[in-house]
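Sequence annotations record features per position, and here Swiss-Prot assigns Fe cation binding site to H160, D162, H292.
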Amino acid sequence: MNALTAVHNNAVDSGQDYSGFTLIPSAQSPRLLELTFTEQTTKQFLEQVAEWPVQALEYKSFLRFRVGKILDDLCANQLQPLLLKTLLNRAEGALLINAVGIDDVAQADEMVKLATAVAHLIGRSNFDAMSGQYYARFVVKNVDNSDSYLRQPHRVMELHNDGTYVEEITDYVLMMKIDEQNMQGGNSLLLHLDDWEHLDHYFRHPLARRPMRFAAPPSKNVSKDVFHPVFDVDQQGRPVMRYIDQFVQPKDFEEGVWLSELSGAIETSKGILSVPVPVGKFLLINNLFWLHGRDRFTPHPDLRRELMRQRGYFAYATHHYQTHQ
């Protein structure tokens, strides 16, 4: 199995009942599914993982898989195959996940445990140099002086893939809402590559496969530049991307103009989804054929949003990019 193996027989269409959770198509797109853990599942999970504080998950990486197994067992071992099937399915590849009863910032540690369990049923989350852990928590406020658009509230954070400036493969991205106060706007933005009307034009351009330099600002704590093309293909020849407009460094006029046009074509796509993510919920997407970003917020002096992210590789994948390793 590879990271983009075609998977048929859509689980939502089959009418199958699941133990411990429900699964429905989202209001925004049939590609994005909503998975909700029942109140009983949530309660039992939190009780069974209560002996391990988040610090234990940070220090002992095998515990991240242990809590994943606990969650899967509570779901009659139906959860892990469903997660993998959805994320590896090119026609879907995205989930909005919620646990009934987890919806307040006071439960932040419980949120980290739940997200960790889910992520480690599909693979392993990479070391995040920005935080020094396998996950990162960060806050968006009304005023920001950071060196990237990650925390800037009053502008759109453009659509991009994660992991463009590191050497580790980034198959999945998990983005969780921990807290939100005095907030209007700021929906998550998603674009599936196959819904991008300009994909064929840019994928077939001569510069699409040229290795380009990606360099991160100081806040990312990554000092080494990496080189890779914007586009690649999976084993079936379908396009995948590793792109972010902030960190790609064109070497000449030709690359700069092409990248600028590429950015404009992505940001004006009619296929972009706007997805509200309430506190306690998280998005889990296939990073190779979904781009993600964030809409702007309405200014407020006490605006606050806290997020948690994890990004990593599918443990069940053997090949990620067909031509560029």
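Placed from the backbone N, Cα and C atoms, the Cβ positions cover glycine too.
From a predicted model like this one, the values you see are computed outputs, not experimental measurements.
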Applying the rule Cβ within 8 Å of the centroid of the Cβ atoms of H160, D162, H292, what extra residues of the same chain belong around the Fe cation site?
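Residues close to the Fe cation site, other than H160, D162, H292: L159, N161, V173, I244, N287, L291, G293.
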What is the Cβ neighbour count of D162 (Fe cation binding site) at a 10 Å cut-off, with all protein chains included?
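By my count, 22.
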Give the number of CB atoms, excluding that of H160 (Fe cation binding site) itself, located within 10 Å of its CB.
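H160 (Fe cation binding site): 22 neighbouring Cβ atoms within 10 Å.
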Just how many other Cβ atoms lie inside 10 Å of the Cβ on H292 (Fe cation binding site)?
21
Per DSSP, to which secondary structure element type does D162 (Fe cation binding site) belong, with helix, strand and coil as the options?
coil
